[in-house]
Each structure stands twice: as structure tokens, then as C-alpha cells.
């Protein structure tokens with residue numbers, strides 16, 4: 001419906017409202033220009049809605065020329081006021097600042113547009129002025145028109161630049177959630193990445209959240225804060241990749257073109273701007289501080305994540321990023337968070353003013369940077385400015401309000417001490433939506449074009465600004481950390497699970513000929529498992545960690561001993577063949593095979609020797625043994641790493657020794673007897689004593705027979721050992737004892753299906 005403009009009239013005070021001031025809502029959905037000049041016309045558009053149960057008769061809207069607001073708290077109070085307040089809400093501008101919209105039925109809405117020249121507004125000295133739009137009319141029983149609803153906004157007025165404009169730093173975060181695990185298909189030599197979902201493809205597609213952030217940020221004076229995992233993930237999408245579906249299968253990814261475009265656009269966007277690289281995966285520093293720092297090895301992952309982040313951004317974006325800034329979630333700090341945040345080399349911690357609060361002794365907003373001891377600088381972002389663009393910015397009214405409040409707040413900060421320059425930092429939410437990013441960009445762009453009261457500087461420049469001597473420099477105590485944030489943190493058990501996988505990974509790498517094929521995907525996955533993006537998603541985070549652990553366990557199980565059945569050894573000397581299977585796609589080395597046996601029949605094995613098995617093959621290791629008697633005994637085979645750690649599960653099997661003849665037994669017994677006699681003779685000669693020698697004709701002991709499960713020595717106590725060797729022997733296990741080839745992957749043998757990553 002077209003609006004009818006009221007006849008020009010002198011400014012008048014609107015009529016007072018009734019006690020019920022919730023009859024109608026007035027939403028301001030547009031204000032141009034955001035920062036007017038002397039010759040401009042201010043145009044305000046919006047929408048009115050009758051929220052009562054009866055018709056509003058002869059309704060009209062009017063622009064209200066409000067007062068100058070001299071403090072930030074006065075702006076906050078005006079924004080929170082709901083009903084019309086005569087005097088505080090100003091007077092009607094009149095003329096084209098008023099429009100009639102006729103009768104407005106219950107539940108009905110009308111759009112409006114009002115425009116007035118700047119000269120018609122009471123804009124005198126620089127500052128922030130309140131503008132209002134009122135809806136007036138009559139309802140059944142009303143004798144006179146009254147104000148039934150009001151909407152408010154703010155108009156910064158700065159016709160000339162101040163002597164000392166405020167330095168402003170705006171962080172522009174490029175951070176996503178975790179999308180890649182450690183899994184690749186078993187048979188895939190190229191290690192094609194598998195994405196857990198297709199969410200990242202949607203974010204970088206035209207109109208997607210991340211595409212909008214890059215497109216909007218490229219022309220803005222911002223400091224980019226980048227999670228290198230995001231950059232690495234998109235780079236992986238430029239080539240062949242797969243996506244896991246809901247039923248667990250995988251399909252080919254199709255977003256290569258979007259990935260290449262996004263990565264190229266980002267490279268162009270950051271070319272001349274400062275880039276801050278977070279540690280790879282954007283680890284949750286507060287969770288590490290509160291739950292992970294006492295878990296051995298957890299903090300040790302932060303340093304490698306920082307270096308990996310630097311290299312990733314440098315390689316993919318062709319810039320030299322800064323890694324000297326740590327950013328805890330929502331800028332919330334306590335002593336332990338600061339300690340962890342700086343443990344990997346960062347000298348600056350980005351906090352927020354609702355965490356590191358001022359003590360009330362200041363009448364102005366202080367410079368963001370201030371030393372907090374130990375060579376660390378806190379960059380205290382302004383909480384009001386940083387939180388303005390949260391919420392639903394798809395509603396035009398919310399977006400306009402956020403933009404105008406951002407402009408007004410920055411102008412008010414400058415007006416606090418116009419002759420003294422200060423440095424202010426804005427650190428918005430980590431993952432703004434597309435609409436939030438659009439509102440942020442509109443505000444920053446308006447400041448860039450018409451905000452004479454600010455000048456933009458990088459985060460590094462902000463960190464070097466002269467600190468306010470009266471600003472608070474004391475980090476809040478341990479108990480001050482917000483409980484709502486703490487409830488969403490990763491728990492201690494999460495870091496214990498990460499440590500367990502990390503320890504297993506280190507052991508696994510020690511036996512691989514190409515450890516980087518495993519180290520890269522699993523180390524990256526461990527960094528991602530500590531991500532701040534898991535906050536509030538504890539179940540999903542646990543599932544991710546479990547999947548990474550299971551993937552590694554499946555790999556390590558690919559190097560194992562093949563179980564054996566009972567076997568026979570014929571004669572005094574024979575060999576025991578044990579098969580070591582390697583289902584990986586690479587060779588394994590630095591392993592030892594050790595055999596131990598029971599003592600009853602005196603089965604002796606050689607010392608341990610190295611084991612090496614080619615990728616996708618099995619190796620038959622034939623261990624030489626000697627037996628002193630006929631009978632049965634249990635033998636245990638176990639793989640060990642070079643540093644003496646057990647590898648995999650042992651296997652146990654029975655060995656039956658046969659055909660040690662009486663003559664052989666006599667020779668063995670005689671040899672033992674001669675050794676004993678020689679020892680006795682040496683002893684008696686030393687003591688100059690004469691004692692009778694044992695009777696050389698004494699009968700030999702009969703062969704022993706062991707039919708039970710006797711004890712098995714631990715090879716680490718020196719009582720027995722095993723070796724990877726070659727030899728011959730017999731047995732009933734055709735695969736083990738009868739193998740004549742050391743490599744079951746050689747021609748004529750079937751190769752086992754190899755596992756992924758190896």
C-alpha cells in the first residue's frame with residue numbers, strides 16, 4: 001500500500017501514549033546513509049504491525065528528532081526502552097518525516113519510508129543522536145490520537161574528523177567445524193581423503209557462509225584469523241575426495257570447482273592484509289587448561305599444531321602468517337588459560353572486556369593492549385562491539401540496529417577523549433553466519449567510507465599500542481571463569497583418549513618404513529579432536545575420537561602373528577616357523593620376534609633378531625631350536641619393538657619333540673657330566689683338597705615327557721629369546737611349518753588385502 005505523506009508542519013511533540021504501549025510494533029529496516037553528511041537526506045524505512053485485537057484508525061508514522069546521547073550506557077538504555085517516553089524520545093520532525101497509512105486492522109502490517117534533509121534535524125555538535133519512528137492513531141473508545149508504538153535507531157554525526165581518531169582493529173574469523181577424520185579406503189595408495197559430511201562443500205559454495213566471508217572481507221580493512229585446518233580441508237577438496245553417507249558408505253565428492261574458486265579468492269583477499277594463523281584445528285585452549293593440562297602429552301600437541309598451522313597457511317595462501325596470538329573461546333581467561341595459551345610460543349592473548357573487566361575507575365574505554373606479566377600482552381577486545389552481530393541477522397530490523405549501534409558505539413568511544421588516541425579491538429564470534437557476516441561487513445564498510453572518527457590498524461599494530469596506565473592488568477582468578485562456558489568444555493577423559501591414540505601412533509610409527517603416510521592423517525585428526533568447535537557437542541566429539549582410535553587400531557592389527565596349531569619337532573635340532581603378517585601398504589621394520597618355552601624338556605631358542613616384512617606380504621620366520629628331551633611343551637611367540645615394547649597379541653602353541661634317541665641322550669648326558677667334572681676338578685685344585693669324582697658309570701636319566709601346560713618364560717628376564725631366522729623343520733601346520741618361501745606375497749601366493757594408510 002502506498003503511503004500518503006502528511007502536509008508539512010512545524011515540529012511538534014507527539015501525544016502521550018496510554019498505559020498500554022504494546023499495541024503496535026515499529027521496526028526500522030533501513031537507514032541511509034548510515035553516516036550522513038551536511039547535504040544528505042536521511043531516509044528511514046520500516047514496517048508497523050498492529051499487535052492488538054482491534055483496528056487502529058487513522059494511523060500515521062512520524063520521524064522523531066531525538067536527543068544527543070553522550071555516553072555508551074545512555075545508548076544501551078535507549079535501545080532497551082520499550083514504551084514511548086515523552087521528552088526522552090524527542091519531537092516529530094514534520095513535513096516529509098510524517099506519513100499517514102490509514103486504518104490498520106488487528107494483526108495487519110504496513111511498510112513505510114520517511115525522508116528528511118539533514119538540515120531539518122537537530123544535529124549540532126558531533127556525537128550520536130537518537131532517531132525514533134512513532135505510530136500514532138486511535139482505537140475504539142479513544143477520544144484523541146495517541147502514540148501506540150515506537151521504534152528507535154542511532155545516527156552518528158561527525159561533519160569533521162577529530163584530532164585523534166580512534167584506532168580500530170576488526171578480526172575477521174575464517175573457522176569451520178571438523179570435517180575430516182583419519183580414515184581412507186584400505187586399498188587406496190593415494191590416500192584419498194574421506195569427509196565425514198558434505199557441510200564444508202555447502203559453506204564454500206556460492207552464497208555459503210565461508211564464501212560470503214571471503215567475498216565480503218576482501219575489500220575490508222580487517223585482520224584475518226584463520227584456522228589452518230579449514231584451509232587444508234578445502235585444499236584437499238580441490239582434488240579427488242569422497243564423502244561418507246548416512247549409511248556409512250562413501251561417494252565421490254563433487255565440489256572441486258567451488259573449492260578451487262574459494263581457495264583462489266581467499267589467496268587474493270589476504271594478499272595485502274595481516275593473517276593470523278591459529279594452531280591447526282583451533283584447539284580449545286580453555287578445555288586444555290581446565291581438563292587437559294594434567295594429562296601427560298596433551299599440552300605437547302599444542303606446539304606441533306602451531307607449527308603445522310603456520311606451514312599450512314604459508315603453503316596454501318602464500319603469505320607469512322603470525323602465530324603470536326592465542327584466542328581462547330569468547331575471550332574468557334583465567335591464569336591457567338593464559339598459561340596454556342602462551343605455552344606454544346604466543347606472546348599475545350586475545351581476551352574480552354567482559355572477562356578481563358575494568359575495576360570501575362575509568363570514565364572511558366581503555367586501549368585494548370596491556371601487559372599482564374611474564375612477557376605476555378592481553379589484547380582485550382571490546383565486549384559490546386564484539387557481541388553486536390550475534391543473533392538472527394536475517395531480519396532486516398536486527399541487522400540495521402546492529403550496524404547503527406556499531407557505528408554509534410565507536411563514535412562515542414572517540415568522543416570520550418577526542419584529544420587522546422586509543423586503540424580498540426573487535427573480536428566477533430568464531431563462526432558468524434552468512435547474514436551476520438553481511439551485517440558486520442556493512443558496518444565496517446560504512447566506517448571505512450564515512451567513519452571519520454576511526455582509522456583501521458592491524459592486530460599486530462594494536463598489540464604494540466601504548467597501554468592505558470589505569471587499565472586493569474590483573475587476570476581474573478580461577479573461579480571467575482564463566483560456568484556456562486565451562487559446562488561446554490571437553491572433559492579430562494577426552495584428553496586421556498587423545499593421549500592413548502597419540503601413544504599408539506608413536507609406537508606404530510617406529511615400525512614403519514614410511515611413517516608419514518600414517519603420521520599425517522592421524523596427527524591432524526588428533527589436533528581436530530581438541531577443536532573448540534566441539535563445544536556443546538560432547539557426544540559427537542566422543543564419536544569422532546572413537547572413530548580415530550578404531551581406525552588406528554585396525555591399522556596396527558594389520559601387523560600381527562598368525563596363529564598356529566600344534567607342531568612336531570623331529571630330532572635334537574630343528575626349526576619352529578612363525579608367520580608374521582603385514583597387511584599394510586608399506587614395509588614394516590624395527591621389530592623383533594621372541595620365542596619362549598617351558599623348561600621341562602629343555603627346549604632352547606636362539607636370541608632375538610630383527611624382523612622386516614614387505615607391505616601386503618607375510619613372512620615365515622624359522623627359529624632354530626634345540627631340545628634336550630622328548631615330550632610336549634607350550635611355546636609363546638611375541639613381537640617386540642626395538643625399545644622393548646610388546647607389539648600386538650602373542651600367540652601360544654604346543655610343540656612335541658620326538659625321536660631323540662638313547663644315543664643322543666647319552667651324548668647329551670655325557671657332555672653335561674664332563675662339564676660338571678671339569679668344574680669340580682678346578683674347584684678342588686684351588687682348595688687343595690681331594691674329593692672323589694662322581695661315578696662315570698652312573699646311569700643316565702630317562703627322557704622326560706611333558707604333557708601338561710608348563711610355564712613359559714618372559715623373554716625380557718633373560719631366560720629365553722627368539723629370533724627371526726631361516727632353517728628347516730617339520731610340523732602339522734602346513735602354513736607355518738611347511739612354508740618354504742619367506743614371503744607369502746611372492747608369485748604363487750595370495751596377497752592379503754592391505755589396510756589403509758600403510
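These residue numbers are counts, starting from 1, taken along the chain as shown.
Every residue, even glycine, has its Cβ placed from backbone N, Cα and C.
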Examine the ranges 597-617, 618-638, 639-659, 660-680 and name the one recorded by TrEMBL as transmembrane segment. 660-680
Quick one: which of 465-484, 485-504, 505-524 does TrEMBL have down as region 'Disordered'? 465-484
Per TrEMBL, the range holding region 'Disordered', considering 1-51, 52-102: 1-51
Can you name the far-off residues of the same chain, 6+ from the ends of the compositional bias 'Polar residues' (42-51), with a Cβ under 8 Å from a Cβ of it? 22-33, 36, 59, 61, 63, 101, 104-118, 121, 131, 133, 135, 149, 151, 153, 155, 397
For the compositional bias 'Polar residues' (26-35), what are the DSSP-based totals of helix, strand and coil residues? 0 helix, 7 strand, 3 coil
